[in-house]
């Protein structure tokens with residue numbers, strides 16, 4: 001399909017008019033209550049660290065931060081030329097033996113910020129079962145493990161990934177080999193702590209809770225409480241999160257000792273300066289046609305399309321493949337091997353478009369993403385931040401476009417209010433967009449038939465795809481898979 005040249009058009013007056021009518025109401029409803037203040041007690045002191053130092057005074061290398069030569073060489077090998085702000089602020093404090101709360105925007109280098117101090121401590125005093133990292137999703141757990149192994153290759157660090165959806169027997173064998181680092185989702189780790197003979201974390205030295213806000217969003221709180229009770233009190237604990245909430249504050253009070261807070265983002269809902277953010281305001285009936293138009297506008301670039309449901313993820317992937325796009329779906333109803341396969345194909349460039357539910361929105365390191373398309377507007381500002389954080393990473397530029405229909409306006413205005421910034425409408429010409437309509441309608445018919453066959457083939461499994469509640473009546477989360485991590 002040929003690319004369509006873009007022409008500038010005036011902003012859609014109907015959207016601006018609707019926005020102005022709703023501004024008062026939006027301001028009221030978008031107000032988010034602040035977390036409860038943290039008492040400044042001796043056991044629970046939080047010191048704000050901000051990125052206000054002059055650039056000339058900032059450490060220029062990992063060696064300047066106190067990282068040993070062997071780990072600095074690993075950083076060089078991986079292409080880490082200079083520490084990121086979160087690494088500059090947190091690593092020296094971690095090397096001093098302090099507990100940390102790290103708050104930074106997505107794509108800021110948080111993993112290396114906690115991995116390097118742990119590896120340096122392990123190098124100084126080697127022992128098995130040295131560190132534990134808890135992550136909300138399987139993909140993030142595998143990614144963290146890969147980064148630990150890459151950074152720790154010079155000291156031959158051994159990692160074990162313990163996640164739900166996999167056979168427990170090989171995991172028990174891996175734990176029996178006493179790895180240095182365990183990276184786990186909370187539910188499956190608790191299974192092993194309760195059921196795997198001889199497995200204990202009594203000698204653990206370091207605990208990391210990564211993406212802590214999402215761990216709590218997914219109702220892992222009670223499981224975390226049980227895990228914390230069996231860990232030694234004399235340990236170092238790092239809590240990393242893109243956002244702060246009252247739940248996260250409660251978790252840090254329960255798990256950290258005299259922590260320091262490293263906060264890089266000045267805004268609760270901060271996006272990086274290299275990210276271009278736009279929207280298009282369109283009728284719902286033409287949503288697919290405008291999506292194809294946008295993909296042609298960004299032809300040859302890698303893109304993630306975010307949808308709200310598993311059903312839409314499947315349908316759009318079929319629609320795009322019918323039209324000749326290299327698209328692959330990623331959602332919670334896929335098997336673990338299928339999900340990892342989808343990610344690997346996208347990373348390798350054999351598929352240029354990933355169609356995903358919010359399971360892909362947090363923590364996945366896909367450096368080559370050029371464009372994020374919010375086919376469905378996210379339901380809250382935090383989800384928006386984490387979606388668009390898939391592009392414009394590590395100083396690179398990126399583009400995010402939200403498809404806003406007449407039914408999404410109020411939510412979108414709340415997101416704008418939280419960001420503190422009005423977005424600019426992406427210029428489109430309706431006549432040029434409608435050129436795609438006949439082929440899109442044909443592809444839609446094909447996708448409907450494929451989805452019907454898919455539902456029939458899957459039988460009971462199709463109940464989730466059709467949006468029904470799970471049989472056990474469990475509350476549905478942002479993505480069904482995330483609730484099955486244990």
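Note: Cβ is positioned from N, Cα and C throughout, glycine not excepted.
Residues or ranges marked as region 'Disordered' by Swiss-Prot: 1-60 (among others).
Swiss-Prot lists 60-88 with the feature motif 'Q motif', giving a curator's inference as the kind of evidence. For the motif 'Q motif' (60-88), the DSSP counts in helix, strand and coil order read 13 helix, 0 strand, 16 coil.
On the 0 to 100 pLDDT scale, the model's mean across the domain 'Helicase ATP-binding' (91-262) is 93. Taken from Swiss-Prot, the feature domain 'Helicase ATP-binding' covers 91-262.
Under DSSP, residue 108 (ATP binding site) is assigned to coil, being neither helix nor strand in the three-state scheme. The number of other Cβ atoms within 10 Å of the Cβ belonging to residue 108 (ATP binding site), over all protein chains shown, comes to 24. The annotation ATP binding site is assigned in Swiss-Prot to 104, 105, 106, 107, 108, 109, 110, 111.
The motif 'DEAD box' feature in Swiss-Prot is assigned to 210-213; the stated evidence is a curator's inference. Distant neighbours of the motif 'DEAD box' (210-213): 110-111, 114, 133-136, 140, 144, 239-245, 247-248, 251, 362-363, 382; these residues of the same chain sit at least 6 beyond its ends, with a Cβ under 8 Å from one of its Cβ atoms.
Here Swiss-Prot flags 286-434 as domain 'Helicase C-terminal', drawing on sequence analysis.
Per Swiss-Prot, the feature region 'Disordered' maps to 447-486 (among others).
Outside the compositional bias 'Basic and acidic residues' (447-460) by six or more residues, the chain places 311, 314-316, 318-319, 322, 466 with a CB less than 8 A from a CB of the stretch. The compositional bias 'Basic and acidic residues' annotation in Swiss-Prot covers 447-460 (among others).
Per Swiss-Prot, the feature compositional bias 'Basic and acidic residues' maps to 476-486 (among others).
If one looks beyond the motif 'Q motif' (60-88) by at least 6 residues along the same chain, the residues whose Cβ comes under 8 Å of a Cβ in the stretch are 51, 95, 102, 104, 108-110, 112-113, 116, 119-120, 123, 150-155, 262, 264, 394. With a 10 A radius on its CB, residue 110 (ATP binding site) counts 27 other CB atoms from all the protein chains.
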